[in-house]
Amino acid sequence: MRLAKPKAGISRSSSQGKAYENKRKTGRQRQKWGMTIRFDSSFSRLRRSLDDKPYKCTECEKSFSQSSTLFQHQKIHTGKKSHKCADCGKSFFQSSNLIQHRRIHTGEKPYKCDECGESFKQSSNLIQHQRIHTGEKPYQCDECGRCFSQSSHLIQHQRTHTGEKPYQCSECGKCFSQSSHLRQHMKVHKEEKPRKTRGKNIRVKTHLPSWKAGTGRKSVAGLR
């Protein structure tokens, strides 16, 4: 007695069952880390979530999660600035920096505040501005507990505790804790220079030779 061949439909059903079971196993494996990954291309996101940084710089040993980020970083060591501004010729390591720079020439301000409508060239400037409306002050001084809306303001404030004065006057050597104080101080020297110059001109003029009226002879002012 010859056994009948299995129908094609039954064969397909069996293969579909195996495929479904494999899919379930894969799904369980993909949920191992507490998240569902639909596509294999999402592996890079999983790696970043686990703080895995396999791409290491040979110059400074800094690590990165993506090879493209390492490639951009290595330009700092090589000094290669391949992204050049067509308007002024200034060059940059990254294309994103060039895009931000180009807004100086174009005047473009794509980041707009929803509260007051003021626009900004960079997203970081918008974030800082929005703290005016929200009152957020995320930067706190460890010494006195005072809070600030910008990190630069905290750095300036901390100098009141440390006594650091990194801004030095090139004319007299006096140091200041803030660049704005140095600029204000430099105005004193700029005002002094014209006064000294005018004084020298006056002294020179008093010693220039002049003609005595009616004598036809030269005389020097202040000399007999």
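Placement of Cβ uses the backbone N, Cα and C atoms for every residue, glycine included.
Comparing Ser49, Ser63, Ser219 with the features listed in Swiss-Prot, the residue bearing the annotation phosphoserine is Ser49. Helix first, then strand, then coil: DSSP counts for the zinc finger (111-133) stand at 11 helix, 4 strand, 8 coil.
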